[in-house]
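Novice: Look at TrEMBL and you will find 20-52, 53-85, 86-118, 119-151, 152-184 tagged as repeat 'ANK'.
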């Protein structure tokens, strides 16, 4: 942090972007350097600045499981509902990477558990598709809709059954998934 302060005092541009559109805040968030993030924000770094893929620092910190950085970015005004160009929110990337502490924090701060991407897929749907039983269970305990449907009318039970994921099928059935649900 001292090095960053020295650089800022000597004119480091906290808004400078590299070829991928990453700012110093993107790098600090991705690497989990909370105090560096705070220093950059104090110096004027914009927490909702996006890179070339539409990701801002909150999505990167959530993806890497940096709970303290996620909290600091939220405290500084990061948009908890922002999605990158590929439709991924901070909550979605944290859930897909298995970062339960980050998911819990984001839910406590108001992240949308029922968010769907452009294909109508909820985060629970994607977890079911990838057989991420523990995180799916956590989202279901948090109120995720077991009957959430994509644009084709498919439920998480449909996609996990097609993949042959017996533990996920059991979890979804135990939490009320309708075995006779039909798609379009």
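Note that Cβ sites are derived from N, Cα and C of the backbone, with glycine treated the same way.
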Novice: Would you kindly list the residues that approach the repeat 'ANK' (119-151) from elsewhere in its chain, counting only those six or more residues past its ends and only Cβ-Cβ distances under 8 Å?
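Specialist: Cβ under 8 Å, 6 or more out: 87, 91-92, 95-96, 98, 100, 103, 107, 113, 157, 159-160, 163, 165, 167-168, 171-172, 175-178, 181, 183.
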Novice: Give the residue counts of the repeat 'ANK' (20-52) per reduced DSSP state, in the order helix, strand, coil.
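Specialist: Tallied per class, the repeat 'ANK' (20-52) gives 17 helix, 0 strand, 16 coil.
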Novice: Please work out the helix, strand and coil residue numbers for the repeat 'ANK' (152-184) from the DSSP assignment.
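Specialist: Its residues divide into 17 helix, 0 strand, 16 coil.
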Novice: List the helix, strand and coil residue totals of the repeat 'ANK' (53-85) as derived from DSSP.
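Specialist: Going through the repeat 'ANK' (53-85) residue by residue, I get 17 helix, 1 strand, 15 coil.
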